[in-house]
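For reference, the structure discussed in these notes is given below.
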There are 2 protein chains.
Amino acid sequence: MSELRWDPLKLHWVIIATERGRRPRDFQVEREHNGMTACPFCYGNEDKTPPEIFAIRPSGMPNAANWRVRVIPNKYPALRVEGQAGSRGYGLYDVMNGIGAHEVIIETPDHNRSMADLAVNEICDVLRAYRARYLDLRKDFRLRYMVIFKNHGLRAGATLHHSHSQLIAVPLLPPVAATELKVARTYFGTKERCIFCDIIDFELREGQRVVREFPNYLTMTPFASSSPFELRLFPKQHSHDFALMNDAQLSELAMALKDMLLRVKSVLLDAPYNFILHTAPPPHHRPGKPGHWGSLEYDYHWHIELVPRLTQTAGFEWGTGFYINPTSPEDAAQFLREAEV
Amino acid sequence: MSELRWDPLKLHWVIIATERGRRPRDFQVEREHNGMTACPFCYGNEDKTPPEIFAIRPSGMPNAANWRVRVIPNKYPALRVEGQAGSRGYGLYDVMNGIGAHEVIIETPDHNRSMADLAVNEICDVLRAYRARYLDLRKDFRLRYMVIFKNHGLRAGATLHHSHSQLIAVPLLPPVAATELKVARTYFGTKERCIFCDIIDFELREGQRVVREFPNYLTMTPFASSSPFELRLFPKQHSHDFALMNDAQLSELAMALKDMLLRVKSVLLDAPYNFILHTAPPPHHRPGKPGHWGSLEYDYHWHIELVPRLTQTAGFEWGTGFYINPTSPEDAAQFLREAEV
């Protein structure tokens with residue numbers, strides 16, 4: 001079983017994923033698989049993956065070769081569902097059992113189309129699969145947070161070429177989510193407004209970091225982008241929980257997401273990227289009294305963050321926690337805004 | 001001038017390095033320069049760099065081609081010395097002038113020897129250059145912290161092949177240093193012992209994460225290593241400030257550092273890596289009353305952290321702040337301990 005270990009100097013958790021147990025030489029052969037025949041995510045190879053958890057298909061049996069989107073457990077999971085989340089001490093350190101979930105969302109049966117190439121209704125199917133998995137995993141009270149993310153390209157951490165996203169559910173509130181929730185709560189505490197709503201409002205008035213506006217969504221470059229051409233995609237109306245979006249809302253989101261991915265592909269010549277869906281923790285792990293003034297429904301705002309992997313983080317970033325970004329967010333927004341998509 | 005921008009959602013500073021002003025196409029051509037003739041760090045090309053700040057050479061004029069170690073300003077600095085550290089507001093955001101310093105320490109005139117290949121006395125010269133630069137930059141009260149680091153290999157962020165380290169001085173205490181200082185202070189507050197000393201003591205008794213012990217230094221893999229084969233190198237005796245090390249101490253450190261680099265080179269087949277020197281902030285920016293019980297001299301402990309770049313951080317790490325490490329620190333220590341060096 002994987003172990004979560006606490007670093008008492010850096011104050012963060014690390015997952016020691018012993019299932020992978022990689023030795024020195026294993027790191028030398030790391031490269032992207034692109035062989036059509038061997039791809040476990042293609043039609044006809046459904047038996048090469050663990051049995052599916054969820055799928056969108058016209059009709060028929062699970063694991064049959066007629067799906068549009070397919071969700072499977074990761075074959076080498078960072079965290080497993082079995083076991084209890086018990087924690088224990090060891091000298092000055094703390095250790096926790098690595099329970100959780102690690103799933104793969106195969107976005108298309110087509111081996112060679114990236115997410116940007118999918119039709120809007122196909123991307124909408126992927127978003128519906130995200131929503132379904134969020135709603136299902138919330139029933140497991142041991143899971144404190146779920147994060148859905150996508151690694152596109154080898155340099156962004158994708159070891160399989162066939163387009164897919166991942167979901168990892170963890171038994172602790174992760175630091176990035178904890179900071180966002182705390183920030184949102186503090187801001188609401190003094191202003192009784194959502195900080196995300198205020199940022200959206202400010203950026204729409206300023207305009208120079210806006211990339212594209214849809215009736216209900218906004219794509220923009222963050223004022224303090226930590227790397228070049230970073231993007232955030234917000235619903236313009238306040239909404240704390242991605243899983244509560246209805247089909248019409250997901251359909252427009254699919255349009256905005258495709259637009260964002262196409263701009264990145266066009267301006268940055270299909271650069272590798274990561275995107276992350278930031279949303280509220282499951283209802284029973286939310287701070288505040290649900291439905292009451294001052295609860296998380298009022299102060300948090302879900303969004304998608306996209307980070308193209310154009311530069312290497314290096315010793316300075318690792319050693320300080322500061323980031324150096326050689327392209328101003330205003331310039332980046334202009335390039336992305338003017339892209340032909 | 002570069003700008004420091006505060007991210008109100010992630011609570012971190014970003015340096016928008018406008019001097020670099022990189023456009024989309026600039027990122028496509030990023031690769032390591034290895035052409036002998038063009039290398040600005042080789043003998044005879046001293047006029048291709050800004051004039052030197054510091055050098056170790058037997059005798060003769062500054063910028064002559066007989067140095068052993070040479071320190072120059074970075075030609076494309078992330079931060080510049082000129083100006084004041086004034087901060088201002090902008091909407092919900094905060095901005096600060098990007099003052100600081102960005103220097104390059106050329107470790108050897110030899111284009112093709114990496115730091116691991118240098119003789120112990122040559123590495124000792126590099127460490128003496130580090131110490132000299134720390135001591136000099138401390139005179140500038142605007143600078144709150146200096147970090148010295150090394151990027152080895154393209155994947156670790158080194159764009160020039162010729163072996164070098166860098167120093168960046170910043171006008172704010174960086175989050176990583178702030179966390180370490182806070183942790184050390186809190187621990188001392190309850191136990192009246194240094195947390196680093198306690199870790200060293202515990203690890204020496206446990207043994208399974210020890211890589212190599214010298215009379216006054218210890219190389220080990222951290223219990224909660226966030227990536228495979230991570231290493232930390234500590235002085236065994238309590239010492240808060242690298243800049244106070246004498247020549248004899250630096251000489252033994254050079255031996256321990258060479259040993260660590262050779263082990264990484266041998267076990268990981270010359271993998272790219274970053275190392276970072278963590279030490280106390282300049283005296284006038286330290287918390288606590290100098291020389292008094294409870295001040296930083298008692299609770300902080302300088303050290304070197306080395307991170308081989310074997311895996312890609314991806315969407316999960318970026319989106320959560322958790323790290324996944326597929327090699328246990330105990331296994332890593334065993335491989336490194338048994339390496340022939």
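Note that Cβ sites are derived from N, Cα and C of the backbone, with glycine treated the same way.
All protein chains included, A:H164 (active site, tele-UMP-histidine intermediate) registers 22 other Cβ atoms within 10 Å of its own Cβ. A strand conformation is recorded for A:H164 (active site, tele-UMP-histidine intermediate) in the three-state DSSP classification. For A:H164, the entry in TrEMBL reads active site, tele-UMP-histidine intermediate.
DSSP assigns A:C42 (Zn(2+) binding site) to coil in the three-state reduction, placing it in neither a helix nor a strand. Annotated Zn(2+) binding site per TrEMBL: A:C39, A:C42, A:H111, A:H162, in sequence order.
The domain 'Galactose-1-phosphate uridyl transferase N-terminal' feature in TrEMBL is assigned to A:5-173.
Feature annotation from TrEMBL assigns domain 'Galactose-1-phosphate uridyl transferase C-terminal' to A:182-305.
Taken together, the residues in the domain 'Galactose-1-phosphate uridyl transferase N-terminal' (A:5-173) have a mean pLDDT of 90 on the 0 to 100 scale. For the pair formed by A:C39 (Zn(2+) binding site) and A:H164 (active site, tele-UMP-histidine intermediate), distance between Cα atoms is given as 12 Å, rounded to the nearest Å. Secondary structure at A:H111 (Zn(2+) binding site), taken from DSSP and collapsed to helix, strand or coil, is coil. Cβ contacts within 10 Å of A:H162 (Zn(2+) binding site), excluding its own Cβ and spanning all protein chains shown: 23.
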